[in-house]
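Undergrad: Okay, handing you the structure first.
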Amino acid sequence: MKPEKRNTLTIALFVVYILLQVGIILFKLPFYSEKLSDGIRVINLIPFQESFDENGVLILREIIDNILLFIPLGIYICMLKNEWPFMKKVLPIFSLTLVFEVIQFIFAIGRSDITDVLGNTLGGVIGIGIYALLFRIFKNRTFRIINILALVVTICVVARFAHLFYLSHFVMKRLHP
């Protein structure tokens, strides 16, 4: 694959990834309800404070989801700006997650939580590490392999996203008018 086509594909996949992130984080898609905001602003500045259930058991699901959601961001940053030093790659990951949390606070969408910032940033850092590991293994084929894998995963995620959106907006509304 020529470098221009390869870069165009990477940028297109990156844009789809960012749009999905915005949909999931800010608009709570694919499970969007008519009432996006309840008007209550919640901010948690104590890490993991909201991560325990009523019995004091750590709820890992949301933390793991946040980490997984941002792993691709670290990989995409490496693909698009591999010449950047490590901290310069981490900065946009941290910045994007902070922007998401600030927007959630301003518009009272969900809750703003430092645990999300930490989990999302960790996910991006893991993505940077995954890219470095893949580059050690595959060398010059890394870009092509990641693009093919990212294309397949993106198609699957978008299809699943559309399916869940359809179910929650059309099928479930017919069952529960």
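Cβ atoms here come from the backbone N, Cα and C positions, even for glycine.
According to TrEMBL:
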type	residues	note
TRANSMEM	7-27	transmembrane segment
DOMAIN	14-134	domain 'VanZ-like'
TRANSMEM	58-78	transmembrane segment
TRANSMEM	90-111	transmembrane segment
TRANSMEM	117-138	transmembrane segment
TRANSMEM	145-167	transmembrane segment
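Neighbours and distances for these, please.
TA: Outside the transmembrane segment (7-27), and at least 6 residues removed from its termini, the chain residues within Cβ reach (under 8 Å) are 1, 36, 69, 72-73, 76, 79-80, 96, 100, 103-104, 107, 109-110, 143, 147, 150-151, 154, 157-158, 161.
Taken together, the residues in the domain 'VanZ-like' (14-134) have a mean pLDDT of 90 on the 0 to 100 scale.
Only residues 6 or more beyond the boundaries of the transmembrane segment (90-111), in the same chain, are considered here, and those with a CB under 8 A from a CB of the stretch are 21, 25-28, 36-44, 50, 70, 73-74, 77, 117, 120-121, 123-125, 128.
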Undergrad: How many helix, strand and coil residues does the domain 'VanZ-like' (14-134) contain under DSSP?
TA: 75 helix, 6 strand, 40 coil
